[in-house]
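The N-linked glycosylation site annotation in Swiss-Prot covers N43, N79, N275, N390, N484, N672, N790, N1024, N1338. If you look up Swiss-Prot, you'll see 96-351 marked as domain 'ABC transporter 1', on the strength of sequence analysis. Per Swiss-Prot, domain 'ABC transporter 2' is recorded for 788-1037, and the stated evidence type is sequence analysis. Annotation comment: Swiss-Prot describes G830, S831, S832, G833, A834, G835, K836, T837 as ATP binding site.
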Amino acid sequence: MSTLTVGDTALPRESRETMVSIRDSDSTTTVLGEDSASTTDPNVSRADGWALMPQVKEQNEREAESGFKRRELGVTWQNLSVEVVSADAAVQENFLSQFNVPKLARESRNKPPLRTILDNSHGCVKPGEMLLVLGRPGSGCTTLLKMLANQRLGYKAVQGDVRYGSMTAKEAEQYRGQIVMNTEEELFFPSLTVGETMDFATRLKVPFRLPNGVESPEAYREEYKKFLLQSMGISHTVDTKVGNEFIRGVSGGERKRVSIIECLATRASVFCWDNSTRGLDASTALEWTKAIRAMTDVLGLSTIVTLYQAGNGIYDLFDKVLVLDEGKQIYYGPMTQARPYMEALGFVCREGSNVADFLTGVTVPTERKIRSGFEARFPRNADAMLEEYNKSAVKADMISEYDYPDSEYAKLRTEDFKQAIAEEKAKQLPKSSPFTVDFMNQVKICVTRQYQILWGDKATFIIKQVSTLIQALIAGSLFYDAPNNSGGLFVKSGALFFSLLYNSLLAMAEVTESFQGRPVLIKHKSFAFFHPAAFCIAQIAADIPVLIFQVTIFALPVYFMVGLEMDAGVFFTYWILVFATTMAMTAVFRACGAAFKTFDDASKVSGFLISALIMYTGYMIRKPEMHPWFVWIYWIDPLAYGFDALLSNEFHGKIIPCVGTNLVPAGPGYENATTQSCTGVGGSIPGRNYVTGDDYLASLSYSHGHVWRNFGILWAWWALFVVVTIIATSRWKGASENGPSLLIPRESVEKHRQHGHRDEESQSNEKTSTKGKSEGVQDSSDIDNQLVRNTSVFTWKDLCYTVKTPSGDRQLLDHVYGWVKPGMLGALMGSSGAGKTTLLDVLAQRKTAGTIQGSVLVDGRPLPVSFQRSAGYCEQLDVHEPYATVREALEFSALLRQPRTTPREEKLKYVDVIIDLLELHDIADTLIGRVGAGLSVEQRKRVTIGVELVSKPSILIFLDEPTSGLDGQSAYNTVRFLRKLADVGQAVLVTIHQPSAQLFAEFDSLLLLAKGGKMVYFGDIGDNGSTVKEYFARHGAPCPPNANPAEHMIDVVSGSLSQGRDWHEVWKASPEHTNAQKELDRIISEAASKPPGTVDDGHEFAMPLWQQTVIVTKRTCLAVYRNTDYVNNKLALHIGSALFNGFSFWKMGASVGELQLKLFALFNFIFVAPGAIAQLQPLFIERRDIYDAREKKSRMYSWVAFVTGLIVSELPYLVLCAVLYFVCFYYQTGLPTSSDKAGAVFFVMLLYEGLYTGIGQFISAYAPNAVFATLTNPLVIGTLVSFCGVLVPYGQIQEFWRYWIYWLNPFNYLMGSLLTFTIFDVDIKCRESEFATFDPPNGSSCIDYLSTYLQGLGVSANLINPDATSQCQVCQYTRGSDYLYSLNLKDYYYGWRDTAIVALFVLSSYALVYGLMKLRTKASKKAEE
């Protein structure tokens, strides 16, 4: 069979002008001239029917007339093999097993074997050709597309040759914007609108040289943007946010289309599309394929596509097909020959089947059908299929194409391509640059987008600024009107420190934002939109006005309320220093986020970093008192330079009088300044009752001469971290596609290995769909006998559902009716937005908002109390506890949802029945995990169904889109399971997204909805859809002979074939509608006259609350036990903070200065809370989302059990954290080591672990999402820290706050108990510099001169030399209790009093978790007659 390789699909259909030398399959050289390039009309395309085809041709002709060279490449690859580290099953360590060092060391020596994910692939896609790559998940389709898109990072080994035109893969790297891949994920900034997203993409791809007749770059961009939006039918979404799971925006299908047109905006020459029709209905998917076909034909693109569930209409638009199985290429050749080739091997393509599904199903025993006479000789697995293909004539024909890159034609096309790209690029760019617009324009466009992102998420921005203003007012009132004497020194220093601290804490959000935007940036980098440096500079440019505003609204209230120096120069110096420090700290955290691969690592480091920088600012530990082993931190700390400059700016040139306990002696009779001196104030000079600001600064090793030096150093640090950010951002890489790997919990490893060993022994040479069965597995009939039979009839009538929107009430369901009987498999279908999921949610009582009218009945009676747990509901999203194994998830559901009268053993036995039914034996002991690290999409779907089945649903089972995102075989498997359930008497109602004809035929009845939830058909489907076909044919829309009836119906009702006809009215006027309503009334009355099929036990939950709590708590404890990342991060935070704190405050003595150091050492313990809460909250909210999404709605267990489980699961680790912090911190600080004191401190630390956990959990319990929680944390923790009596002592707190918030603050009692136990009994020994030294008057002795003072104001002072007549030395305090008295801690019993109050606060914080969770739990809506 000789096939000419330059035909109507081999070369572009326009501008064929050069001579070309190519071999045909007989290896003879054929020279083709311009006119003989094709035997067909080059202007004819299989996509000529596409509405925008004329526009594509017009654009192409305009470019040709403008003298533009064509950008045609083609892709050829040979002997392409890819290896990855084999990760078929990774072991998930638990908290204890991770410390089994000998075992881990033994296992680490066994290097994981390499797995070939793509094996010796070959092919050629010339300009103007489309290749369809088919294969089941894990067969290597995505890997092949990544290789052809020249994205090789993350793979262990890549061998073989890939050529782009005549270029090698290395040469093609500089043209990465012309060889692009659209991945399966939709990665966007959700707060941008569709229009803004497309503005950004199109602006960065406007060519330098414009076609004739185009007025400006903006006109070109606007025209292209309009064309792209029209091409996918989403022009109406231009002002709608893209959105995501948290931010409401366009629908899932529309978001996928935005992803498609953003990729098309690159104007590339080679496109790789990875499952780009996922989430689109068949009509839209076909339109997309036609669009790609049209552009490929006219523009000479090379298009490679991989699809799941491709209909025949889509399949027929391709030129070539490549089929992969286990990485092996079992077919590559013309699309028209693929089906005949497979049929010649003995496989049968069922009538009405999708050919694409047939091609991928030939190696799956449960899917394939063998032609009579071929049973003994058909190829049974991938190796046998490959062997057959290697011998075939198809391969022999295709080999001739592999010379294409060396042909004269390819070389000329490649030269034209290079010239065209050079003309498109801005002249300022270097020749090797992959970008289109120059660097300055990239920055401008990125700055515009940054502001759009901010404006799009106004709520977060406003919350941030309002909380800044609130915090500024609180801080200003806390440090209000600080006096200009020694009493105000500490208060003013605190206010200046807080000015830097708060803005630095806000800057920590940069770490989170870095990871939120990273996937989008990596995608845009692969599209060659902009250089990462442009993105980083744009972020900074966008920061400046925002931070100016933020710093201003913080600085103004704080500065003037505190009463800092009323001098314009001093104020503006303060403002610019706070701004410069904030910019530097923003750069620090942005660099920290950019430098790490995972958020866990970045958050761990940033949390530790902020602690270190705060501690070494110079506020807690003064510069002269820092230990030499950590003093280097001071020199690299931007906060330290800022704090030095702020204090120098404020106190320079001032005279600071000493007052109160800082002045010795003081009071009546001691007015002579020459016999007074200052104590407890740095820089004091004997015999002087004041301190100069510059002496005070010198005592801290500060100087006013450093102010502008430090300002310069701050900007130097800023510049350094910006450079680090740019370098780190430039090195960001996308994750490699290694395929999902199973996770085996350590405690199940042996069982899994034994299971795998049995599998290997029983394995035959034929690949099976199931690797093994559970012990004592029963055959199909035994399983069927054990399944629960349903005898109840479920009906709904005149169902309407209305929701309130800003524009008024909106009706989503309009008088819908229907029924599901036992043994019936019902399909619920309709186009996107028709209300399929809404109807299921209403029927299953899952709605908590809106108004529902109509009747929903079981056996003609109102829904029983137990309905939500008696009916199974498999939602579209597979929501599961990731750290549970499959068996545990099923057992959890069975134990909680089967009736309380059923023995436990019987419930667990039924789990085995369902595991056998759903063929889950080989994954029963693996963790569910998350998508990509755990079960595959199809396996997760089966687990979702299993979780509902084990509950023995006695009424019916709802399933929402169970086949969405699955390949054809997995979808067929899923529906086959559902058919099996219906056959044994279950009632099943399923929403399904465009099934193949084969799947459609499995259903018994159909409810078809149009936009607005209007019914257009309800009734039997008939044999192979005959009844439905007959209905539509009778009303003027006959189904073509080979068309899929399911696709045809959607097209007729709401797609290209609707022709504006109102099918809802057609239905209402039909006899089928009248008969269905009569039948419904008959079913209801008949069912109501009989005893109910389901007996209501009257319980909302199947199990009593106590048993619910035990089962839920056990699961939650096991999940935390296995979540080593979370536990290790918590422990590392405590150990790291404790060691750092302990060594920073090493062996403190008993001087007055060291008393203050002890205060700060204990105060620092409070700061483990922000880091620990930041780790705890996402986990709490993730579990709450699982509970809200599925477990609450199915009445599995009460919210009380949920909260109890979460609280109890944390307790063992909180005890461990307290032990580790205490041991690593306490004994190196010089605090009392006696068991009564140390034991009391440990007990208080243990209570604090519970206190901050309770605070973190009650914020999480009510927060709508994790972002809100992270914005709330600083306000709550910041307020508690501010008013606990440390930053401002009790006596100096303003009266407004002092009499309520101080006493309601748990941190006040925490610090009170810790200080009392550690300082109360200490004898104070002043250092030489701390004494007040002066000469008594008239030669009197010190004791005689000071006797009145020591009995009055100086009662706590300690006179060292009472008999001396000169140089009297007075220490400010005698014992620790004297110092604590100034902090409102008046007796030792205050320690235990405060401990008891902290314990009450712990209980109160946990009570708040229950209370706020109860407040958040809404009741489901019921239908109103």
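Note: Cβ is positioned from N, Cα and C throughout, glycine not excepted.
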From glycosylation sites N79, N275, N484, N672, N1338, the one whose Cα lies nearest K836 (ATP binding site): N275
Alpha-carbon distance [N275 (N-linked glycosylation site); A834 (ATP binding site)] in Å: 24
Coarse DSSP state, helix versus strand versus coil, of N672 (N-linked glycosylation site): coil
Alpha-carbon distance [S831 (ATP binding site); N1338 (N-linked glycosylation site)] in Å: 104
Closest of N390, N484, G830, T837, N1024 to N672 (N-linked glycosylation site), Cα positions, recorded positions only: N484
Helix, strand or coil at N79 (N-linked glycosylation site) [DSSP, three-state]: strand
Among N79, N484, S831, T837, N1024, the one of these recorded positions whose Cβ has the fewest neighbouring Cβ atoms within 10 Å: N79
Count of other CB atoms lying within 10 Å of the CB belonging to N275 (N-linked glycosylation site): 22
The one of N390, N672, N1338 whose CB sees the fewest other CB atoms within 10 Å, among these glycosylation sites: N1338
Minimum Cα separation from T837 (ATP binding site), reported as the residue among glycosylation sites N79, N275, N390, N484, N1024 that achieves it: N275
C-alpha spacing of S831 (ATP binding site) relative to N275 (N-linked glycosylation site), in angstrom: 20
C-alpha spacing of G835 (ATP binding site) relative to N484 (N-linked glycosylation site), in angstrom: 69
Cβ neighbour count (within 10 Å, all chains shown) around G830 (ATP binding site): 26
Whole-number Å value for how far G835 (ATP binding site) lies from N390 (N-linked glycosylation site) (Cα to Cα): 50
Integer average pLDDT (0 to 100) for the domain 'ABC transporter 1' (96-351): 88
Cβ neighbour count within 10 Å of G835 (ATP binding site): 24
Rounded inter-Cα distance in Å - N1024 (N-linked glycosylation site), N79 (N-linked glycosylation site): 44
